[in-house]
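Features as listed in Swiss-Prot:
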ACT_SITE  ASP7  active site
ACT_SITE  GLU66  active site
ACT_SITE  ASP138  active site
BINDING   ASP7, ASP138  Mg(2+) 1 binding site
BINDING   GLU66  Mg(2+) 2 binding site
Amino acid sequence: MNVIGLDPGLNHTGWGILSIEKDIKLIGNGVIKTNNKETPGQRLNKIHKELINILNSYQINSASMEEVFINKNPRSSISLCYARGVLLLTLNAMNIQVFEYSSNYVKKSITGNGHAKKEQVHFMVEKILNVEFKGTYDISDAIAVALCHAYSKNNF
């Protein structure tokens, strides 16, 4: 079974795909980046098209992402919701079931601490999968939610 974890954002949407059989293997990951000089509609369309390409490249059985939370900055929350909406629409159109988890639940399932910092989540994702990531936390956050899904569904 392959599950995609998604970390939505209008600027950067992280994604990670896990193969879950007797063990868990990371089989793909990346970031969908948009140009902030483009209109929101153009940026959302890019997220939509790139997600379709990713989904068509792997046999995805389910998807997971964090539930919406209200950020201190209302504009950030609105942009996040735009990206989430496009992801949910795209996944639904491709008949991929989406599972959502609270941020605290994801952190607790990966680190043992529901209030862990991004650095701790990143470190544990690397440790669990025996891989090393460079760059932003978008990828490790996406993989963390996919791992959380695997753990919560006892899929391995």
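Every residue, even glycine, has its Cβ placed from backbone N, Cα and C.
Long-range Cβ contacts of GLU66 (active site) within its own chain (separation 6+, distance under 8 Å): ASP7, GLU100, TYR101, SER102, SER103, VAL106, ASP141, VAL145.
Under DSSP, GLU66 (active site) is assigned to a strand (E or B) in the three-state scheme.
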